[in-house]
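Here's the structure we're looking at; comments come further down.
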Amino acid sequence: MSALGGIVRSGVARKRVQTLVLTLTTMLAVTASVLAMGLITASQGPFDHAFARQHGAQLTARFDGNRATPDQLAATVRASGVTAAAGPFAVLTLRPSFVEDADPDPAAPLAPPMTIAGRPRPDGPVDDVDLVQGRWATAPGEIVLDFDGAPVPVGHKVAFTQVPGRPTLTVVGRARSIGRSADAWVAPAEVPSLTSRTPEYQMLYRFKHAATDAQVSAGKAAVAAAAPRGALTGTGSYLSIRHAAQRETATFVPFIVAFGILALVMSVLTIGVVVNAAVAAATHRIGVLKSLGFTPAQVVTGYVGKALIPAAIGTGLGVVFGNLLAIPTLRQEATAYQAGAQTTVAPWIDVAVPVLALAAVALTALVPALRAGRLRAAEAIAVGRAPRPGRGRAVRRVLGGLPLSRPLALGLAAPFARPARSVAMGLALMLGTASVAFGVGLALSLNGIQNGIDRNEPGAVIAHTVAMDGPGGAPPAPPAPGPTQDSTASQGPASAKPHPHRTTALGGGPRKPADRDAVARLIEAQPGTGRYFSTSDTRIGLSGLTTAVPLVAYTGDASWGALQMVSGRWFHGAGEAVVPSGLLKATGTRVGDTLTLTNAGRTAGVRIVGEVLSTRNDGMDVMTDAASVAALGVRFDTGMTEFQIDPRHGTDTQSYATALNTALAKIGASARPNDGPHLSTTVVAMDALAGTMTLLLVTVAGLGVLNTVVLDTRERVRDLGIMKALGMAPREVVAMIVTTVGAVGVCFAAAGIPIGMALHAAVLPLMGKAAGTGIPAADTAVFHLPLLGALLLGGVLIAVAGALLPAGWAARTRTSTALRTE
């Protein structure tokens, strides 16, 4: 066995290029597999895992600071069923301005209300806040913002211009609360500078039993009984957040699983291709070893060992790099799921993947080694590196009769000399091209869907029937973000979102909203006004459903600002409506059917003329012309009426918005320029994930090509020497080798593109179904002819890039050296 060990060691050391390529291939394949398994595992219930890891609050409660002291609230931890509690934390609801300097303009635009908690540290018995960027706020003048909130970088300023003294705080960190307990956090000492009144207090609870709404309600009742009478002002259940998170997760699980499976299959295939080719190429040497007295079992053991040594090194490196790459990748996935980041791969993955990878190497090396070991020594030496007689000869004759240059003809015929090796290399290219097609198609579709969702604010200028900063002060504080008020808990978290053509009015407004018609007249009279429409909403009964559904009523021609259609068309007038996919499913209707709206004993029918892209309120909105419900006596919240305005061409948007805001301020209304499409952190994260996985799989495919071409070139080095002796120039050698892999690349890339398209066509509807919406045809049909051409070219480039190094080596090899090589 010592002689056998020497053969194994010398073989590994002598074939340095082959050993290096096998090590790199195995390393990248294992890296991709570890990452893929980590992503798949992390996508299984990410909210539940993060909620358990961060000890999320099952009930978020707010208390009136004038009716309960901090000590009285702290004592509620002894309420029946409470197992842990955190707080009390002082909480405020303010409207900030995001600025870049410490001297904010009092007239700077105000952002929507922000819930701010005074919290000394991020951890605790309940709701361990995950600090994603920067550090925690520990001193006055510092603030930490919610990572999924306003995209304000660390180091920028947040000003509160409506607070006396206009305090300005520096963003020192960004964090994520799994229970959405607040939008921002400051040190407790900072709270007095933000308000002159007694703040409200927040308590966070976990219960012995909290799996259902009834159990959470029972816990709430126990807390209310333990607190001073009337002190509890609002609560929110984690179950509503969990519902939204699970729906968000279900949307992207098909994407993660598809890429993960593709990575696993690609890794196994590439390892098989590389190892099989490496052992098969050693048939000549196996014959020599058998002639020296080595038994078939020793030969097989030796060559399996020669494959396992570099594979073991690559596997170890792959596990390390897979875990390192998992840190940013799993953070991207957590951003997409809006859950706490899990930045480590499960330990069982670090064990299972290396074992399976080495098993795959051993098995793929065993098959050709056994085949060669059964050959007689003379037969193995005779076969050597030469392909079987007759293979590719007919193709060479046909190509030789065509008006092609000799390097081109030889390059095109070469794959037929070793068809199995060519097919194996082609399969790696095919899956690499399929990965690129799938990743690019998915990115285009996701961004198209996001653009469709961004059409909820089509106006360049948006006007409100409430003032941005009026004398009435800020409106009543909303509940803490995430959990909904008890009155809306049954509707889930989406019920608190604005309707499709509305953003939250900025700043505090007067106590009485301006008259909608008066606002419309001022907009009409404003120089530069082009077209506009208004939206108002309420809830209305719908025959066949036991609960009221959201109604969005449009006044004016809204066709220019229509939401993206999944099917059908936008409504054209009274008696017509468009609805999202969720309502169609809930009512069992389809485009062309009629819905019966009810209110106070009155009914009105509207015909569904279109299905729109919308997931708000679980897709249960009814959108129609205001005239459709005029006979129902519906009362709208005038304080939430909003106007979408498109100024005339050539009108300066900022100047127009300023002038209109000045005019509207006289009646207690306001206007502001639209701040443009909102960049979705979820879509950005999914694009980043797709890019990471695609790049990794393309690299694995390229290494598979590199290994195959290295082996093929080494075997043919004497033939290449003869060709060079007969006058073939180095550039012609490169052209011949590149033509060989280019031909394989064209064929198999052309086969890989339909696989990627089919995967895209299968995964995207699953994502839409999980989100509760259909996908517009424009967002599924993204593979146009120019893109298909680019994808085909990309597959060829993967092949050519993998062949350039060995082709360059072959071109630089001296003719005499090549002729002496055996």
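Positions of Cβ are set from backbone N, Cα and C atoms, glycine also.
Automatic, uncurated: that is what TrEMBL annotation is.
Record features (TrEMBL):
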{"type": "TRANSMEM", "residues": "20-40", "note": "transmembrane segment"}
{"type": "REGION", "residues": "105-125", "note": "region 'Disordered'"}
{"type": "TRANSMEM", "residues": "252-282", "note": "transmembrane segment"}
{"type": "DOMAIN", "residues": "258-374", "note": "domain 'ABC3 transporter permease C-terminal'"}
{"type": "TRANSMEM", "residues": "303-325", "note": "transmembrane segment"}
{"type": "TRANSMEM", "residues": "345-367", "note": "transmembrane segment"}
{"type": "TRANSMEM", "residues": "423-446", "note": "transmembrane segment"}
{"type": "REGION", "residues": "466-514", "note": "region 'Disordered'"}
{"type": "COMPBIAS", "residues": "473-482", "note": "compositional bias 'Pro residues'"}
{"type": "COMPBIAS", "residues": "484-493", "note": "compositional bias 'Polar residues'"}
{"type": "TRANSMEM", "residues": "688-712", "note": "transmembrane segment"}
{"type": "DOMAIN", "residues": "693-807", "note": "domain 'ABC3 transporter permease C-terminal'"}
{"type": "TRANSMEM", "residues": "733-763", "note": "transmembrane segment"}
{"type": "TRANSMEM", "residues": "783-805", "note": "transmembrane segment"}
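Packing against the transmembrane segment (688-712) from elsewhere in the chain are residues 17-18, 21-22, 24-25, 28-29, 31-32, 35-36, 39, 255-256, 259, 262-263, 266-267, 269-270, 273-274, 277-278, 281, 325, 329, 332-333, 336, 414, 418, 421, 424-425, 428-429, 431-433, 435-436, 438-440, 442-443, 737, 740-741, 798-799, 801-803, 805-807: each is 6 or more residues past its ends and has a CB under 8 Å from a CB in it. Per-residue confidence over the domain 'ABC3 transporter permease C-terminal' (258-374) averages out at a pLDDT of 75.
Contacts between the transmembrane segment (303-325) and the transmembrane segment (783-805): absent, as fewer than 3 C-beta pairs lie under 8 angstroms at sequence separation of six or more. Residues of the same chain lying 6 or more positions beyond the ends of the transmembrane segment (783-805) and with a Cβ under 8 Å from any Cβ of it are 425, 429-430, 432-433, 436-437, 440-441, 698, 701-706, 709-710, 734, 737-738, 740-742, 744-746, 748-750, 752-753, 756-757, 760. Distant neighbours of the transmembrane segment (20-40): 256-257, 259-261, 263-264, 266-268, 270-271, 274-275, 278, 307, 310-311, 313-315, 317-319, 321-323, 325-326, 329-330, 333, 345-346, 349-350, 352-354, 356-357, 361, 689, 692-693, 696-697, 699-700, 703-704, 706-707, 710; these residues of the same chain sit at least 6 beyond its ends, with a Cβ under 8 Å from one of its Cβ atoms.
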